[in-house]
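A short worksheet on the structure shown next.
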Amino acid sequence: MFKFASAVILCLVAASSTQAQHNPHWWGNRNTIVHLFEWKWSDIAAECENFLGPQGFAGVQVSPVNENIISPGRPWWERYQPISYKLTTRSGDEQEFGDMVRRCNDVGIRIYVDVLLNHMSGDFDGIALGTAGSETEPSTKSFPGVPYTAQDFHPSCEITDWNDRFQVQQCELVGLKDLDQSSDWVRSKLIEFLDHLIELGVAGFRVDAAKHMAADDLSYIYSSLSDLNIEHGFPHNARPFIFQEVIDHGHETVSRDEYNQLGAVTEFRFSEEIGNAFRGNNALKWLQSWGTGWGFLPSGQALTFVDNHDNQRDMGAVLNYKSPKQYKMATAFHLAYPYGISRVMSSFAFDDHDTAPPQDEQEKIISPEFDEEGGCVNGWICEHRWRQIYAMVGFKNAVRDTEISDWWDNGDNQISFCRGNKGFLAVNNNLYDLSQELQTCLPAGVYCDVISGSLVDGSCTGKSVTVDNNGYGYIHIGSDEFDGALALHVDAKI
């Protein structure tokens, strides 16, 4: 009986720990993550203090923090070819990283690190040099900066059949040397690396290529991690937030359902389907059942996004900054509809798949510069600084914990809905105007449309909508307007 009771207690503790790994540890009502892709640590620290904190963002996903191979031309993907766990990259060193984490935590912005647990660098002719000065010989699986040797890896093989679990989880993803996560030594080094980041104050991890690792191995690693550091404002016994890259289109041998109990999972179907809808390949009226009604993961297990650093570079349905009107409409819907753990993208301009981040003649990443309206220049796109996007971050904060109601559509590509009595969104993706008296569910008054303008000193710089005593307002979105959405909320009442 005692053994049975002990087993039950252990199971309950494990289940509680796993559920805790779905908690992103946001401040207050904040609830949007931004991926500042390839930014330097010092620039992220300043952005937390000067923009993200004041605009109500909740957290930042940062690029991989550990030493990587130096590749000719410095393509972005060199960050995904690690050679040690030393915290020196093109974004900065360990001291700069620690300073950034502290400064961001101090203003309520949590830091989530993109971590590479699946592999080390792929083949390189001869001895390769890393960003922290380490030398390595990937072709022989020699990584003395860790150290790893050939015995710490799975035998080399190529993934030719994506329906073969063995190949997916034990062969080399695009030639990257595949670590054996069942090895005690490998586990110890990965746990040591992640615990060091926790000590520095991070709130959690985006686990790259999670589907290429056995869920049981990841479960062991996650459960062995330290609690978050209370010196950075986390409560006692808080577990790191974990979201895992698992590409699952619904017919995969390795399924997202193997990982969603361990932490959140990147819901790639969300990205693909929202792109299809706002590209006009699927009527917006069908979005009324968005979320689990579309076969997506439960809301609290789904990390949602319009695009990410990988799929924004692919051809297909996925939207990116190069289709700005549709992209902003899709993002407005993403942040207004109550589904998922939301992440927005902040990109740099690219002409091909391998384009490096903005850099100088010495191949050092340059800091973003800003125009008079706060937008980025010099090669950085900074979608998170587009008013239409950061305003919807504020909208999402204002309507937190409310449900969707009063859905309206025209049977095609014009839609609107309320978020309780706190917010209202309308979208027009037709080639003709939306002009309609619609239920906004808001208290009577005049409201600033935060898509077309901002509330400044009690006045709206864009469109405004008068809401009557019954909650109705006249909504107009012209087909030729710069933006195809209109958003009102209680914190934007004039």
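Each residue, glycine too, has its Cβ placed from N, Cα and C.
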Recorded disulfide partner - Cys448, candidates Cys441, Cys460, source Swiss-Prot: Cys460
Per Swiss-Prot, Asn118, Gln169, Asp178 bind Ca(2+); matching candidate in His196, His212: His212
Candidates Cys104, Cys157 - disulfide partner of Cys48 as recorded in Swiss-Prot: Cys104
Of Arg187, Arg239, Arg279, Arg343, residue recorded by Swiss-Prot at the chloride site of Arg206, Asn308: Arg343
Secondary structure of Cys418 (disulfide bond) (DSSP, helix/strand/coil): strand
CB-centroid shell, 8 A cutoff, Ca(2+) site Asn118, Gln169, Asp178, His212, site residues removed: His119, His154, Val168, Gln170, Cys171, Glu172, Leu173, Leu179, Gln181, Ala209, Met213
Cα-to-Cα gap, Glu245 (active site, proton donor) vs Asn308 (chloride binding site), nearest whole Å: 11
Between Cys382 (disulfide bond) and Cys48 (disulfide bond): CA-CA distance (Å): 14
Cβ-Cβ neighbours of Asp310 (site 'Transition state stabilizer') (radius 10 Å): 17
Of the recorded positions listed as Cys104, Asn118, Gln169, Cys448, the one whose CA lies nearest the CA of Arg206 (chloride binding site): Asn118
Lowest local Cβ density (other Cβ within 10 Å) among disulfide-bonded residues: Cys157, Cys376: Cys157
